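*Asks:* Below you will find the structure I want to go over with you.
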Amino acid sequence: MDVHRRTLILSLLLLATLSAYTTATITHAKFGIFERHTYIVSLRPPNFSFDMSSNKFESWYRSFLPPALLESMPHTPFIHTYREAIVGFAVNLTQDEADYVSKRAGVLHVYEDKLRPLLTTRTPDFLGLRSNGGAWNSLGMGEGSIIGILDTGIDFSHTSFDDDGMKPPPSKWHGSCEFGSFKCNNKLIGGRSLVGGYEQPEDDIGHGTHTASTAAGRFVEGANVLGNGNGTAAGMAPHAHLAIYKVCSPWGCFDSDIIAGIEAAISDGVDILSVSLGASSQPFHEDIIAIGAFHAMRKGILISCAAGNSGPLPRTLGNEAPWVLTVGASTMDRKMDAFVNLGNGLSAVGESAYQPSNIYSLPLVYGLGGSENVTGKVVALEVVQDGSEIDMGKSVKDAGGAGIILLGNKKSGHITFAQPHVLPASHVNYQDADVIRQYVKSSNKLTASIIFNGTSLGKKPAPVVAYFSSRGPSIASPGILKPDIIGPGVNVIAAWPFKVGPNIDGQHEKIFNSISGTSMSTPHLSGIAALVNSMHRDWSPAAIKSAIMTTAYVMDDNKEPILDENLNPAGHFSIGAGHVNPSKVINPGLVYDIGEEEYTSYLCGLGYSDDEVEKITLQKGVCGKGGKIAEAELNYPSLALRAGAGKYVVNRTVTNVGDAMSSYTIEIDMPKEVKISVTPAKLEFTKVNEKKTFSVSLSWDANKTKHVEGSFRWISRDHVVRSPIVIF
């Protein structure tokens, strides 16, 4: 019986089986003609006090359910109960039962459970962590910080999670270790499964193992993918502790399990929470991750979330709440070269992580599935669906093909993937693919060679925004510039629980894989946030976000503006504040701080009703009491302004976290069509944690100006504190 899917249509025979199944593990379900679905019930906090460990909470939760439902279930009816991320529970209900519950006094909202997708080495050097003077030399490598990973679980036996030389976790850690016979260590300090049918947080997909090692994997020498990308692997915060929350199965990730994972992480005492899960834009009071993240923020936990893999079109990002760090993806300067030489003398440069012996001048055919025999030939195939490249190679191999050329599509532009293929392969970009397409049309006697050239570093330009990285503007809150930041998310090498490639033997504990997605960029930022947290334990989540954003860089290794997948300058809605710069985040000089009260006023300013704001904050009637602020007035480290307004005056407050005696002068980079001034133009500080407020005045011709980008920077002797501006 498939117990992992949210909706299961069970026959009478299976209903008999279900009745014998212990209700101690309630699962997501849809039962026969009764159409029972999983719902998340959010409650108004009680006006009386319970011991949080007592059974009185469950008795109170049961009071909201239909009596007939309770009579039919001898054991607990709840899939999950919540007290930290929200107050409430997850339960299987019919539509009529859900309507009954929604009308009970004290119920804030009843959410139907939703399924979210997963968003599926060299990076420490590329990010300047390992080099002389790099961030690791001054940051203690994340020591003392706890990173929670909400994902598919973990391969706890992988050598990336050894604890040699690690100190014990801090005393605030209250989590559990539910790995069966495996005993947690000082690296992997806890883990649990929130998914029905899984007693342990084992990783049966690989995604969670990869993200966990990217965030905080230990140093592993000789890490490579099938011999390529060889080097010493390490996560961003190699001395940070890891807590694992399995909230996903091969079918995806249900909201009820995700909010249970956030609940557990808050209760356990994590510092940073990494969430590489997909989301479409929705109002914050309907977004269960946004709601859970709000309550994590209240407890001092920063949540780093994937922007999504729906780019390059605009308005495609999710996880866009301003109290969340929204992370886009970019390339690095490493390539695993696989050259394609055509019979007409032309060539193309592609990539592959599997690099066996070269193949020379074999017959080339275009397409698969026709009448032509492909045995012993190279097959050129169009990449139509993202993530299908390895399976395409398997199909060619099964048909007897000797090699495959993967032809990038127009959407992917210049981005290529280095993957562990099962036969000689090269993934070429769209422009080079056109060369091959033209060759295929030109002759009946086609040949191709694939020549492998190993791993090369220092490839320019880098970084480049990945085509799949979701773009702004935000739909839920257009006046907040999203994504916040970009980081490495293409061909990221990290720990993997399974063998990859064409059945090549390897040591299980040292298997690594190269995969891509905003799922991969997110744990980079989670680990970097842990580096900051380890050195600034008193900083709020907003202060850590600010440090990451205001120190980001916007120029590539050619000293030109960062480019997109088509090698055009990438806009603010692609890169946010820019590319993360770990060497600067520890000492940003100034930070833009935001607390719970200001976020609440911002929610009221979005036009949400008191009831809608209460669903997020659990605070009753706050908007009716005043205190609304516009999006532009939230003390965010960036500005996103609507072009039709023609004029804005916004205020910002910065906190001095640098030298006590420090002075900052404003510099502005804005097209002439926008008139802008900052008052005062100089900020003088005399002590640490001193705050200063300034105003930014902007005006333009609303009839002519449609999209303009720029920035302002506070400059001191040692710091550049940059804030991007977009008018759209």
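Glycine residues also receive a Cβ, built from the backbone N, Cα and C atoms like all the rest.
Heads up, TrEMBL stuff is auto-annotated, nobody curated it.
If you look up TrEMBL, you'll see Asp151, His207, Ser519 marked as active site, charge relay system. TrEMBL lists 38-117 with the feature domain 'Inhibitor I9'. Summarising the annotation, TrEMBL assigns domain 'Peptidase S8/S53' to 142-562. Per TrEMBL, domain 'Subtilisin-like protease fibronectin type-III' is recorded for 633-727. Sequence annotations record features per position, and here TrEMBL assigns signal peptide to 1-24.
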*Asks:* In the three-state scheme derived from DSSP, which category covers Asp151 (active site, charge relay system)?
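*Replies:* SS state of Asp151 (active site, charge relay system) = strand.
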*Asks:* Which residue counts does DSSP yield for the domain 'Inhibitor I9' (38-117) in the helix, strand and coil classes, in that order?
*Replies:* 21 helix, 25 strand, 34 coil
*Asks:* In whole Å, how far does the CA atom of His207 (active site, charge relay system) lie from that of Ser519 (active site, charge relay system)?
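*Replies:* On Cα coordinates alone, these residues lie 8 Å apart.
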*Asks:* Using all protein chains in view, find how many other C-beta atoms are within 10 Å of the C-beta of Ser519 (active site, charge relay system).
*Replies:* 30
*Asks:* Which one of the active-site residues (Asp151, His207) has its C-beta surrounded by the most other C-beta atoms within 10 angstroms?
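*Replies:* Answer by Cβ density within 10 Å: Asp151.
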*Asks:* Counting each residue once, how many in the domain 'Subtilisin-like protease fibronectin type-III' (633-727) are helix, strand and coil under DSSP?
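*Replies:* When I sort the residues of the domain 'Subtilisin-like protease fibronectin type-III' (633-727) into the three classes, I find 4 helix, 55 strand, 36 coil.
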*Asks:* Average the per-residue pLDDT over the domain 'Subtilisin-like protease fibronectin type-III' (633-727) and send me the rounded value.
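*Replies:* Mean pLDDT, the domain 'Subtilisin-like protease fibronectin type-III' (633-727): 98.
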*Asks:* How many Å separate the Cα atoms of Asp151 (active site, charge relay system) and Ser519 (active site, charge relay system)?
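*Replies:* So the alpha carbons of Asp151 (active site, charge relay system) and Ser519 (active site, charge relay system) sit roughly 10 Å from each other.
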*Asks:* According to DSSP, does His207 (active site, charge relay system) fall in a helix, a strand, or coil?
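*Replies:* DSSP assigns His207 (active site, charge relay system) to helix.
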